[in-house]
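Annotated features, as they stand in Swiss-Prot:
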type: ACT_SITE; residues: Asp77; note: active site, nucleophile
type: DOMAIN; residues: 152-308; note: domain 'TRUD'
Amino acid sequence: MNELTYLQTMPKQTALLKTHCADFVVKEQLGYEMSGDGEFVAVKVRKTDCNTLFVAEKLAHFAGIPAKNMGYAGLKDRKAITEQWFCLQMPGQPTPDFNQFQLDGVEILEVTRHNRKIRTGSLDGNHFEILLREAQENADLKVRLENIKKNGFPNYFTEQRFGRDGHNLTQALRWAKGEINVKDRKKRSFYLSAARSEIFNLIVSARIRQGLHHKILVNDILQLSGSHSWFHADQKEDFNLLQQRLAQQDIQITAPLIGENVQIASDVENEIIAKHQELLYLMHQEKMKSARRPILMQAQHLSWSFIPEGLKLTFYLPAGSYATALVRELVNINE
């Protein structure tokens with residue numbers, strides 16, 4: 001990610017992230033309450049240094065059901081303390097006694113029932129509590145924090161999306177060139193996600209570099225904030241009014257997650273995608289649906305304090321946005 005453009009400038013400080021699991025706390029918010037009855041057993045878990053898939057498998061084994069009958073809203077960081085819901089499909093069966101469930105690093109917080117499966121993506125967002133160790137209080141860092149609070153940060157996909165050392169992206173490029181054949185369903189999904197995340201990042205970086213991240217262009221596709229509704233900024237629109245709405249954070253400029261029937265909105269998008277036709281072809285071949293994503297993201301309820309250990313941050317992000325993309329604007333990280 002080093003080559004991606006910063007919204008501010010490259011940070012001047014270096015800090016430590018995830019020295020301890022307690023330095024990175026994530027609390028999931030589904031956006032709905034459990035129904036209290038139904039064929040699914042819903043289990044809220046606090047995990048410390050645990051992989052989501054590993055915990056899901058252990059819960060399924062304890063309940064005596066296949067792992068495929070487990071559901072969760074999303075994968076969480078391993079080296080962290082995370083809270084999230086799992087659901088187990090158990091129609092007509094009693095709720096297991098999870099007081100008997102034992103797994104290092106896992107604490108059962110709540111058990112109830114629900115009438116629908118918790119699916120990947122059925123997530124409103126996440127609350128974060130992050131400690132950046134060795135970050136020093138100074139004028140530059142305070143300005144960066146205030147700028148993020150006011151203007152947001154680039155909504156980049158970060159390293160987690162691309163796998164260790166960018167492995168998922170490398171494999172996607174090899175797949176697109178016909179060098180490998182990927183049969184494993186999970187790997188196919190990871191590689192496709194990495195490929196279109198890379199295109200998105202490059203488009204966002206180019207707009208910021210060209211000073212176009214706060215300027216609405218003809219044919220831009222805009223998103224109503226807090227929704228998944230989009231509309232074109234065609235020549236009939238009042239661009240002065242659109243710019244006012246953008247400044248008021250009522251609307252957001254988007255960039256594409258390439259796929260079938262992708263709508264290329266601006267010259268910036270066209271230029272980047274034209275250089276990666278093999279990836280676009282792969283998306284069509286795999287029938288990936290195209291989507292849009294805001295190029296900038298606003299951290300909600302952002303607050304901070306300097307303590308002897310470093311800088312402590314708390315904020316909320318909608319599903320799909322990365323806390324490490326925000327941190328990237330503040331400090332260089334040594335993990």
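Including glycine, each Cβ sits where the backbone N, Cα and C put it.
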**OP:** Take the domain 'TRUD' (152-308) and average the pLDDT across it for me.
**Re:** 94
**OP:** Sort out the sequence-distant neighbours of Asp77 (active site, nucleophile) for me: same chain, 6+ apart, CB within less than 8 Å of its CB, listed by position.
**Re:** Lys18, Phe24, Val26, Gln160
